[in-house]
């Protein structure tokens, strides 16, 4: 009995519209796309949507810095994001924005229902206010020490170390991220969502199978510590949706951001005309809703979001699929090391399918972090895809094309081996369905090894030289091509670009069910290179370009722009320089020079004579007498036509009249070493 097709709505977390997509973001979108492509291959109806998260103070402030309107900035960012996702083959049916008419309408609707049902409370709160910038500070614009685990440098809404949530006023030693000032408390009326009212429902939903075990266990900790009412409002100035009947008050970005899933789908429904929004979002919906998210936003998606939906009479998610972070070469992504790699930078240097394959090979249904080791990345893709999979086609296709006009044999050379490949479909399907793509890849590569062993044993290059064995040669190579077809069918969710080229070569569409029947007597097209080996030099170029991205992103002005920092030295190099405090006992012009002053320096028991090019900045040298300065005491003496200079005084500035002799703080004495 054929399986009844399911109707699925799938989302990824909404990228924030104030910055570029990087390879850390891409993990989630690739994982979701692999799952979506698999579901489509199995005949399920899938609607895959996303949007830019386009509201909040960070966007407002960045737009101000750029001198443009927030609307203009988010439009440019959306175009860049969509271009990056398309470049990686992410098969979204719709990509929208939270700053949309659909999202405003739905946000107002959900808020109105929550208010009508008694789940919105208002009260006056004391809120952190930046006295220098004249604005209330959003949670993410205050940093301090976590009140729970005491980790420093944590945001004002939740701790990235222990996962705790709290009010910004609970932070220890808070500072404004905007100005660095210490915030002050000011009163303001705010609106709160009554999250504790949903505690019982949320605990039942948590254990319903909607969450991974690791997430469910973490939520239990939050339940035990007690749920708090959630502040859903922000004060002007703010870029977002103004709360109905509350002038100067705006929805907090985390209220309208998840509603953006609904807004994007509503936009798709309106564009298509054959989709029913209510069928997917009404409370008794029989469709399935899946959110792929990172572990850093579990709290919002596992508590606030289902509670908001429940309180406004909409359906809850079927599952949250949570993943870990991406590290590069075993460490946090770093701009200075060039491992903070933008998606666009990657696409300028490498094939998107390479990263898709590498992530797929490492992903599981757990929340483990994924390490993108760049050397292993090169080796694995080349070994698996180039040497095993694509090579299987290339070493057989030449004979089929040249000797048999592209015609495959009418019979299978080894039906039992082919059946082994087909029988693996169920296990690989189960792996894909459960987001165990790493297990699927391992099984596929084990089959690739079998296929290559078959070709090695049959040695078509030897058979080709033997008279009267044309039928054997055609059968062997046709078998190799058929095994390649099965492998590529299994890899289709992972590598869409390679799949497209493969389908062009094989002259047929790759589908899950069609592998039951091998290609017999089938005409294939002339073989062209399907996949290029990764060159480590290309990876290094990408890393170098990522460093350049960082430099370009930071517009350096002032002294650093005119006189950049020189190459790094070791501490041992620095330790060779002996700097001492010196007292200027006399300072005079040098006859015959319009640049130099002659200084006599007392080192506390030793006197030095120094010629220094600071005359233009100190037209009255006598003003320097009696002043403490810093000199390099172990610089080799330099013979000049005016005498011998026995060191160098320290000064800053570009030159000319802008030279500033360095002086130590009060209390320093001649002869003291500067360390």
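Each position is counted from 1, following the chain as shown.
Heads up, the Cβ atoms here are built off N, Cα and C, so glycines get one too.
According to Swiss-Prot, the Zn(2+) binding site annotation covers 146, 149, 159, 162, on the basis of sequence analysis. Residue 162 (Zn(2+) binding site) falls within neither a helix nor a strand when secondary structure is assigned with DSSP, and so counts as coil.
Around residue 335 (ATP binding site), a 10 Å sphere centred on its CB holds 15 further CB atoms from the protein chains shown. Residues annotated as ATP binding site in Swiss-Prot, with sequence analysis given as evidence: 335.
Under DSSP, residues within the domain 'tRNA-binding' (573-675) fall into helix, strand and coil as 10 helix, 47 strand, 46 coil. What Swiss-Prot lists as domain 'tRNA-binding' is 573-675.
What Swiss-Prot records for 15-25 is motif ''HIGH' region'. Sequence-distant contacts of the motif ''HIGH' region' (15-25) (same chain, six or more residues past either end, CB-CB distance under 8 Å): 50, 52-54, 56, 58-59, 62, 73-74, 77-78, 80-81, 84-85, 97, 325-326, 328, 333, 340-344, 346, 355, 372.
As annotated by Swiss-Prot, motif ''KMSKS' region' applies to 332-336. DSSP places the residues of the motif ''KMSKS' region' (332-336) in helix, strand and coil in these numbers: 0 helix, 0 strand, 5 coil.
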Largest tally of Cβ atoms lying within 10 Å of a Cβ, found at which of the binding-site residues 146, 149, 159, 162: 146
For the Zn(2+) site built from 146, 149, 159, 162, further residues of that chain with CB within 8 A of the site's CB center: 147, 148, 150, 151, 154, 160, 161, 163, 164
Average pLDDT across the motif ''KMSKS' region' (332-336), rounded to a whole number: 88
Residue 159 (Zn(2+) binding site) to residue 335 (ATP binding site) - Cα separation in whole Å: 23
Structural state census, the motif ''HIGH' region' (15-25) (DSSP three-state): 3 helix, 2 strand, 6 coil
Rounded Cα-Cα span from residue 335 (ATP binding site) to residue 162 (Zn(2+) binding site), Å: 25
